[in-house]
């Protein structure tokens, strides 16, 4: 047990220590300063020339958003065509068939919004061609989209008064070539050394210890897993994600993959401080996020290492903790750490089954996604926190009788309305979706039965499964309580709608707020200026997040996860 705890501590220390220099590097990349990766400039110039794009052309916030939305629409259409027709495309040695229209709709939107919700099993639901030219492609593009949006916001906030927020295409390419690609190559090499397969052979025929014949999928796993983790994507190459021994072969590989989930979201908080030359503000934001993350880690590690009371009642020893749904080679503590790491971000990959974690662990996993501001997805996680900064600044200003200001710009009714809509949309789409599913399950049993029954675990846990699904979609996370039968017409389409709303409405709102603030007259700091880089303001922001985001969900948790915990 002590060794497992030391492993958890070592992983967290590595994340914290390495996120600082990475954040400094990312800030330099977006500011156009000299870095070690400048050797990529010729490649970038060729890409821009072939695309007919001038990377130095400035965009206002509306042009920036137009480019972002148009390119995502194009990739959605691209993905839909390939997923439906994958059965007749090359690189399909196992003969996997094309996806149905509603499954392709869900899959394509899911990967386009950086969620990677999977209503299919990775090795049988896709071909090598679509793994590379839809899944891996989207995992780079969507991660870079979030990072580009944050870069635009940073540029807007760094300027005293400006009409433009940078060039979306430039930020998109820089995010891929300077950050995501180099880190993916390093992580991919480590995984190959640890035993993750990399090739295009078909299924491998093996004889098990019992003498039976089994066919094991292989493919370009080591190419896809790194960006799956680093881009907070999370979509597993194999159906059981990183609990699969070929996707996550060893404890060291597990450490590297877990580190990969959080390193860029952590670094982005530091990058904000370096970009704006307000390191203290970056430290403050990072500190609040880290505190919330560590609280979750402590709760889940304690819950999972403590074992299941029901098994204790049977007189069965649980020296290794609650091991249902976990891998022996990884242990309960490493699985608990991963469960929090993957849900404080929009990653959603798993190295054990969240459906089998203890009820309070499941509640923490859902609360992380329901709050959706602790580190979050690459770029968009900080942007969600930015929404609550605007709300906290406005409330704080009213409380002390000062005009609300953030970084020298007045926060007025227009920005507050946008921030409020963004903040309230998240709980709204989660709770409405869950309520609709619960209503249909009770009042339309014939429809539910025609779709396979949906729930394998009715009662408290069944409600938790439906709540988790919509929570994961709205937070663009992608993990799930897999007792839910979700590859159906209803779940594919309803989740697809929640995915779109949960991704693009916040991005549009947050970029709009930054663009509107940037155009306002700059107000120099004075003795009456609200200091946003203090511990006091950090606590205020934490309180606003907890009240607005977390408390909205406690009634439904009382009927699901908490009720299940009390029934043990």
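Backbone N, Cα and C atoms are what each Cβ position is placed from, and that goes for glycine too.
Per Swiss-Prot, the feature transmembrane segment maps to 3-23, 68-88, 133-153, 180-200, 256-276, 281-301, 375-395, 421-441, 497-517, 535-555.
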- Counting Cβ pairs under 8 Å that sit 6 or more residues apart, are there three or more between the transmembrane segment (281-301) and the transmembrane segment (535-555)? yes
- Near the transmembrane segment (68-88), which same-chain residues lie under 8 Å Cβ to Cβ, leaving out any that are not at least 6 residues past its ends? 95-101, 103-105, 107-109, 111-112, 126-127, 129-130, 133-134, 137-138, 141-142, 145, 148-149, 168, 172, 504, 507-508, 511
- Task: Take the transmembrane segment (180-200) and find every residue of the same chain, 6 or more past its ends, with a Cβ under 8 Å from one of its Cβ atoms.
- Result: 37, 91, 93, 128, 140, 143-144, 218-223, 225-227, 229-231, 246-250, 252-253, 256-257, 260, 263-264
- In the same chain, residues at least 6 away from the ends of the transmembrane segment (497-517) whose Cβ sits under 8 Å of its Cβ atoms read 60-62, 64-65, 68-69, 72, 106, 109-110, 113-115, 117, 146, 149, 152-153, 156-157, 165, 380, 383-384, 386-387, 390, 406-407, 409, 411, 414-415, 418-419, 421-422, 425-426, 429-430, 433, 470, 473-476
- Query: Taking contact to mean three or more C-beta pairs under 8 angstroms, with sequence separation of 6 or more, is the transmembrane segment (256-276) in contact with the transmembrane segment (3-23)?
  - Reply: yes
- the transmembrane segment (133-153) in contact with the transmembrane segment (3-23), cutoff 8 A, at least 3 CB pairs, sep 6+: no
